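Enquirer: Input: one structure, supplied below.
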Amino acid sequence: MQSFNFASLVLNRTWRSLQRIYVSYRFQHVQNQPPLVVERALRSIKMDTFETSLIRNFCIIAHVDHGKSTLADRLLELTGTIPKSKENRQVLDKLDVERERGITVKAAAVSMFYPYKNQTYLLNLIDTPGHVDFSTEVARSLSACQSAILLVDAAQGIQAQTVANFLLACDSFMEVIAVINKIDLKEAKIDRTIAQIESEFGLLSKNIIQVSAKHGTNCETLLEQIIEQLPPPNYSRTGLLRLFIFDSVFSSNINTTIINVAVTDGIVRSGDKVTSKLSGKNYTVLETGIFMYPDRVKTDALYAGHVGYIICDTKHIQDTIVGDTFYHQGVNVEPLQTFKVPKAMVFAGFFPFDEAQYNSFEQSIERLALNDTGVRIVSTSNPAFGKGMRIGFLGLLHMEIFNQRLESEFAQQVITTFPGVAYQCRIIGKDNIKDYGSEILTISDPLKWPDTNIIRETFEPIVDGQILTPTQFSPIIKLICDERRGNLIEEYCIDEKRTLLKYKLPLAEIVYDFFDQLKQITSGYGTFDYEDSGYEKSNIVKMRFCINNEEIDELSVLCHAKRAQTIGKEVVIKLKENIERQQYAIKIEAKVHSTVLARQNIPPYKKDVGAKLYGGDKTRLMKLLKRQEEGKERMRSIANIQVPRDAIIAVLKRK
């Protein structure tokens, strides 16, 4: 006879009551602070009830636009975390930029409670981005989990970032459930997608779950399989406390940092004294809790296996380091294995529109960079814009999102310089090497590029790229890669309709418009992923822009010699369009070394000096014109050309 679990029944009823209270709260539109009734309901459950065997920590990984956020919406509805509604779209995507663009750019954690077989399970879900520029978010989300759901679009099949994210999960020795989404679409090719998953990832077809996240088809089955197939965290409450920091964000509401943690061992409570393994600083824990949409909820404590947040008495934004380990003060523990932080690939200068707002601008960037380990920030200055920041990003989309968030979340008006990559050069001369501190220099700012006379050789960054495309488009893509100085390494067919191309490509050739061009050629079916492959010898030059032989430092750019003339023509035309005519001629030139690669002239205004003449000898007119020309020559020789700030900004906005 099956035993009756009275404690589980009480727990389930308590949780159902909590769900009803929470749904009622949601409809009251009170989203600033967690409701007291929810906190009390959670205390009645108590977090210590959830042993590690009742916890599942997992994230959803996939290529961009395969339906991760939609699936997260359905799971939140099925667990009662949010009420069922047609308005539930991307509920975990809280940033304005995410909703505007329809993509996830920031990993989001949420806790769900799900009753199953007379037990209530705690499911900690982390929704991750799918674009290659936000691979850091995926890496640190995986570090807080023990398993992953690999989501594949039934119509698109396996794509480049699907493979990259699966390999990240494998590197972390994670259990993976393969899920095919969008099975309701007419163009869904379920059998083909199953075959791809089997051949590429070695996952058994019988374990692949087919769902429609949009309509909720088989989503409850997925929840059950999460509990049945995915392993619980293998941690101990009796061990010494170790908290892994996988994210943090500055909250303006409470004017402090909220630290996202995964508790690997021990217990953390409010009032505990903890120490940072990286900095050695000591802090007091002021609050512990979990994430429940739409806000965080306080708990009595966090136990081994839990994923939640802590708030400490940190003094500065920089006190919280993603990847750090916190432990109880006075004891010594081994640091947790952290994730690999990718190297910044694209660099640009960021400057406040109003120099008087620099302090506010600097503080906004520090707060935004707090939870974005992919950015690298160095202070810089510019002759036209004053003090600013030189910031490195993982890609161009990463830079665009960062810029947009600065404007929308922090109300900052920002000027950005040309996005570029970091080149290397080898210099000669003992004195020069001593002055620069090294024989090989890595430089992203053109203003810091050494004089040509002391450079022996130059290098540019190379990436290993993977292009997944319908086979019919592969010849055109090969031509484009050849134009961009690519080197084909490998080519093979995944199935009868799709081909994988592996290329070595210069990073500078792909950061601007390569991905957009690929999408346009393949009607959206081509995908691209890349990773750093070091530096190779190349012919890198510094292009200078001059107006009447006066150099404009802020427009200088580093590029490959083959691209110099194209870039030079584009910039001088843009300058001509944005500089007003003067009483004298203006000469705009793009130069590499002493060679002029592009030139535009702005003609002077001319007064009709012959208007007062009524006939007579022609020499009178010629004499007046000659005198006018001599006057303009004198004016040009003593004039100081001031390029309008708006003209420089217009040039920097070029695509």
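In case you wondered, yes, glycine gets a Cβ from its N, Cα and C as well.
Take a look at what TrEMBL says about it:
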type    : residues                : note
BINDING : 62-69, 127-131, 181-184 : GTP binding site
DOMAIN  : 53-234                  : domain 'Tr-type G'
Enquirer: Counting only residues 6+ apart in the same chain, whose Cβ is under 8 Å from the Cβ of Ile183 (GTP binding site)?
Expert: Ala154, Ile190, Gln210, Val211, Ser212, Thr217
Enquirer: Taking each of the binding-site residues Thr128, His131 in turn and counting other Cβ atoms within 10 Å of its Cβ, which one has the fewest?
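Expert: His131, out of the binding-site residues Thr128, His131, has the fewest neighbouring Cβ atoms within 10 Å.
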Enquirer: Just how many other Cβ atoms lie inside 10 Å of the Cβ on Asp65 (GTP binding site)?
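Expert: Looking across every protein chain shown, the total is 16.
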